[in-house]
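J.: I am attaching a structure below and will ask some questions about it afterwards.
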Amino acid sequence: MSRKTLTRRQFVAATAMSSAALISAPYVRGAYAAGKLSIGFWDHWVPGANKASTDLVNEWAAKEKVEVSIDYITSNNKKLELTVAAEAQAKSGHDILQMPTWWPHAYADQLESVTDIMGPIIKQNGEVNGTTKYLGQAGGKWLAVPATVGSQIKGPCSRIDLMKKHAGIDVQEMYPAGSTPKDENWTTDTFLKAAEACNKAGVPFGIGLGETTDSVDTAGAIFQSFGAELVNAKGDITVKTDAVRQALEFYKKLIAVLPADAASWDDASNNKWLISGRGALILNPPSSWAVAKRDAPQVAEQCWTHGMPAGPKGRFAPFLPYFWGVWAFGKNKEAAKSLLTHLSQPSSIEKFVAASGGYDLPAFANMTKLKTWAEEGPPKGTLYSYPDPHGRQTMSIAASPAPPKIAQQIYSQATLTKLALRYARGETMEQALAWAEGECEGFMRS
Amino acid sequence: MADVVVEQARSVRAASSRKRTSLRNVLGRKSTVAFLLTLPLILLIASLVLYPAFYSMHLATLNKSMQKFVGLNNFTFLFKRDTFWMVVRQSCIFAITAVFFKALLGFIVAHFVHNLPAKGQRKWRGMLLVPWVIPPAMSTLAWLWLFDPSYSAFNYTLSFFGIGPIPWLGDTFWARFSVILVNVWYGAPFFMIMYLAALKSVPDQLYEAAAIDGANWWQRIWYVTLPMMRNIIAITTLFSLIVTFANFDIVRILTSGGPLDSTHIFATWAFQVGIQSSDIPLGACVSLFMVPILAVAAIFILRDVSKRGNEA
């Protein structure tokens, strides 16, 4: 085997030529000059909705020369929450991680402040609602960016025909597409009467009394419409108040006309209830209507999403936001913030809303009148009132305004629905309240 | 000088040959081979069981935000909570009832199968093992549909007899009944196959002798079968008690602990407290609480088994 040897003279010449070439060549930026970014997004229910996220991320990555990797993590069986907990423990993981409602507060110490990017985003998109501030801020610092993807209101989705026939309520007239609602008479009393009438007619309202979020969110909004708080904003236990008693009396009457098995309902039960045609109203984002559009078009054509009934203390909509958090131990925080700014642009938000068929809901005041909600159907305009375009409701989260770490316990232990169920199932008011008080005392643990 | 070199070379050769022999001896020992063969498993258990176990002990001594050592405060906090004692009670009811019925059904079915002609026995054994072979999460989903509050196949069938509708998962009693039923359905085949193996090992001469002595069916079971199966029954019960006590999937899928926390067991409540409520130290405490209970059960049962082993 012949082997060509390199002489000292040849070596010096080659080195000199290489050096000259390197110095004189123009600066060429590598494909991923700005490093890598790993993202954990929530895996969307709506088929095709993840594509909007992927496209927007890729669009940004190409411009910024960042190598991105996206994991879509399901929230089924709390996989997303488990991922957040595991990454927080390991102090390693995705640079950006989508977090459900309470998790920014739960991991506040390990999240990078995003106050610097939230200022310009709010300036552009309008103020965020109070619930988003309550969940996303701590001590004036933004813990995470409100994510349009996955955020939702669980408002009433009524059957136009059944509500008209059995309760004498024209939901389309009450919440007309394209104009201000005429909802002055849509109160908790009207709601109860309608529930009783529909139950009598064999098409009860489908409201869960279980321990999953749909049941808890509904209870939260109803309690708040009576001004009922188990723990107030200062952290004092306020279970034994007239407002809580009023809310319980209302719930007891409501439970009497709900399906007998509502105590075992999970988040899928009310969807099935509506789609099967057995109920006149559920409280849910438009996902059940979207499924009905595919599986039971005759039901979908009669669905109308609208606002919550008002109680003595106001009209509260169960709002369940998601957030995008940046770990303080992340490796590419600047790129993460740049991407989140991109995902919060009005054009990006519009794409998210369109891709999810109107399911995803931005938290910003200027973003509630997008064309998707006005145009979706059948029937056309069915989603117009979903994002509350006329600001008729206060966005709320169950267990607020208790300090978030206490509220999270009340929420995840479903204390509100359990309390209502205990009273409705025969415990005296004082027994039920004493139980809730004991639970709340336990939640004070720091 | 040459002699010295020769001597040195010989002594080096002898030493290395002694070393080789002793290594061969060590490797030739059964205990060493057994240790080396089990080493991967030991490492696996150490990394996947022991490390998490010690880590959860560490977590259980931290405060809610995991920044401060609080010793046993989490345990003392739990002892003051009514829900915790309810979970303790329910876990015991769930595990003891389910294991009792699994053992009873397994025993009965094992006898039926044992008495079948050898030709058809294999088919029956295969069919009866199906519930145990299907992954529990999958089969529990099928049960969830059967129990579905609104569209239950059970309620539909019962309606033909004028019964129901029964709120299978919405009522405290029925929800407990349902989770135990599914656990029994899933676990009884394991008992059946273990008992069947034990039955096959009982010598026929014992039954013949009992028959000559005029023993009836019940006496044969009580004085021959049961004493011969005692160790298998004890070990199977212990094993099943541990698995049932630590069950998660069935309760999680069917009821998530509801209604009104009436079906929560240790694992599901630990998940709810630790993961859903972001209180990982308290969740670790709840799950660790199973250890002393199961350890006591294991000590009693295994002591009994080894005592009988020594008597034999």
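First residue shown is number 1, and so on along the chain.
From the backbone N, Cα and C atoms, a Cβ is placed for every residue, glycine too.
Not my notes, these are from TrEMBL:
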DOMAIN    B:88-303  domain 'ABC transmembrane type-1'
TRANSMEM  B:33-54  transmembrane segment
TRANSMEM  B:93-114  transmembrane segment
TRANSMEM  B:126-146  transmembrane segment
TRANSMEM  B:173-197  transmembrane segment
TRANSMEM  B:232-254  transmembrane segment
TRANSMEM  B:280-302  transmembrane segment
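Could you give the neighbours, burial and distances for every feature on this list?
T.: Counting same-chain residues at least six beyond the ends of the transmembrane segment (B:93-114), those with a Cβ under 8 angstroms from any Cβ of the stretch are 121, 124-125, 128, 176, 179-180, 183-184, 187-196, 198-200, 233, 236-237, 240-241, 244-245, 247, 251, 263, 265.
Long-range contacts of the transmembrane segment (B:173-197) within its own chain (CB-CB distance under 8 A, at least 6 residues past either end) are made by residues 90, 93-94, 97-99, 101-103, 105-107, 109-110, 113-114, 125, 128-132, 136, 139-140, 143, 147, 166-167, 229, 232-233, 236, 240, 243-244, 247, 250-251, 254-255, 258-259, 262-263.
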J.: I need to check the long-range neighbours of the transmembrane segment (B:232-254): which residues 6 or more away from its ends have a CB within less than 8 Å of a CB in the stretch?
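T.: 91, 94-96, 98-99, 102-103, 106, 136-137, 140-141, 143-144, 147, 169, 175, 178-179, 182-183, 186-187, 190-191, 194-195, 197-198, 226, 263-268, 271, 290, 293-294, 297-298, 301-302, 304-305.
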